[in-house]
Amino acid sequence: MLGICEKLRSGMKMLRNRLFARNFRVVILGSEQSGKSTIVSKVFGQWPKSFRKQKDVDVYEFREGGINYTVYDVSGKRPLKARWDCLYRRSDVMLYCIDSNGSVDDLERSKEDLLSMLYRNIWTRRNMLVLGTKSEVDRAIGSKEMILAMDLLSIADREISCFSVSTENDMNIGMVKMWLKEQYDVAMVD
């Protein structure tokens, strides 16, 4: 009897997830070689439900915990920066990747790219998670230095979180997952 009830319960849960699951769109932006694609594979840790490529944008679809994630992994090449605006406006949240062991010029360029994209889309406010990747390297900067270098304190009209992550030792990957789940829960309330 207990087995039948358990099967019925799991079947109802699966039906509820299929009928009422919401798509949650995540755009991942950042300069070239900042670890965007590696972050996607580590955070979701599974093969995507579907994958397609659209003009230098890899679109992944994942299903995790009743949430359908559509992830836009955008190339960081200079000519494609205009495409960032379109995908930013279509997304629910943004992950912005920075190579935390990059040069001062790389950080300045990343800062300019981020702030100019936010300025061009001043009426579109998306919560944002800034990820300092490759933090396992000795000369990598920490979260506090990244906040100051990227001038994140000047952005006051949205929620901004900043983590230093390492895909080699899985440092803070769980925090990224928790942040995405929290943002999904906030979006469901709105």
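Glycine residues also receive a Cβ, built from the backbone N, Cα and C atoms like all the rest.
According to TrEMBL, the GTP binding site annotation covers Gly30, Ser31, Glu32, Gln33, Ser34, Gly35, Lys36, Ser37, Gly76. Its own atom aside, the Cβ of Ser34 (GTP binding site) has 24 Cβ atoms within 10 angstroms in the protein chains shown.
If you look up TrEMBL, you'll see Ser37 marked as Mg(2+) binding site. The secondary structure of Ser37 (Mg(2+) binding site), as reduced to three states from DSSP, is helical. In sequence order, Asp58, Asp73 are the residues near Ser37 (Mg(2+) binding site), counting only same-chain partners six or more apart with C-beta under 8 A.
Largest Cα-to-Cα span within the GTP-binding set Gly30, Ser31, Glu32, Gln33, Ser34, Gly35, Lys36, Ser37, Gly76: 12 Å.
Within the same chain, the residues at least 6 positions away from Gly76 (GTP binding site) whose Cβ sits under 8 Å from its Cβ are Leu29, Gly30, Ser31, Glu32, Gln33, Ser34, Lys36, listed in sequence order. Annotation for the binding-site residues Gly30, Glu32, Lys36: lowest Cβ count within 10 Å of the residue's own Cβ, Glu32. When secondary structure is read from DSSP and collapsed to three states, Gly30 (GTP binding site) falls in the strand class.
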